[in-house]
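Feature list (source: TrEMBL):
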ACT_SITE  S40  active site
ACT_SITE  K83  active site
DOMAIN    12-167  domain 'Peptidase S26'
TRANSMEM  12-36  transmembrane segment
Amino acid sequence: MYKKLMSKFLYIVKLSVISLLIGIIIENYIVGLTIIHGSSMLSTIKEKDKVLVNKIHYKFTKPKRGEIIIFRPPIDRNELFIKRVIAVEGDKFEIKENDIYINGKLLLENYIEREKYFERDYNILNGTVPKGHVFVLGDNRNNSNDSRTFGFVSLDNIKGKAISKIWPFEGVKTFAVNYE
């Protein structure tokens, strides 16, 4: 009886350890949960929202315009940022009078609260995105430290693609904007 009980116990312990290890691998390398700090992505993502992040997506493909990414900015390598990809390598962009033009075409952004958006002094308001980089902006344009300030984001610094907001439940949504 004791051997049988001990055998079951060891089986449960082994199964628990294996499950824990699989969970850690999935969380660290495949899909993870990120808690958002700050208001730079309002009203799409709010402070303390929990966002599901696909960590392997950009190992196989490059970011597309409109996708929301998690990355390490060139200015502060210890903190992760979340922003929307506005322009990709080779794109010519220009920001003027609250509008964004990509390759000469007006970018329609229905997720931006236009009446609250204004232009202030930034380092980068136009240019061409270099190879291996993207140009990102926060949806809350008045309160976002983004590519207008720190420049282009290297593809090597991108840690994942934000897939959906999963908490709080009343605001669950996917981030499926794509300009292409």
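Backbone N, Cα and C atoms are what each Cβ position is placed from, and that goes for glycine too.
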Residue pair S40 (active site), K83 (active site) - Cα distance, angstrom, rounded: 8
Cβ neighbours within the same chain of K83 (active site) - under 8 Å, at least six residues apart: S40, M41, I68, I69, F71, V136, L137, G138, S144, D146, S147, V153
Predicted model, mean pLDDT over the domain 'Peptidase S26' (12-167): 88
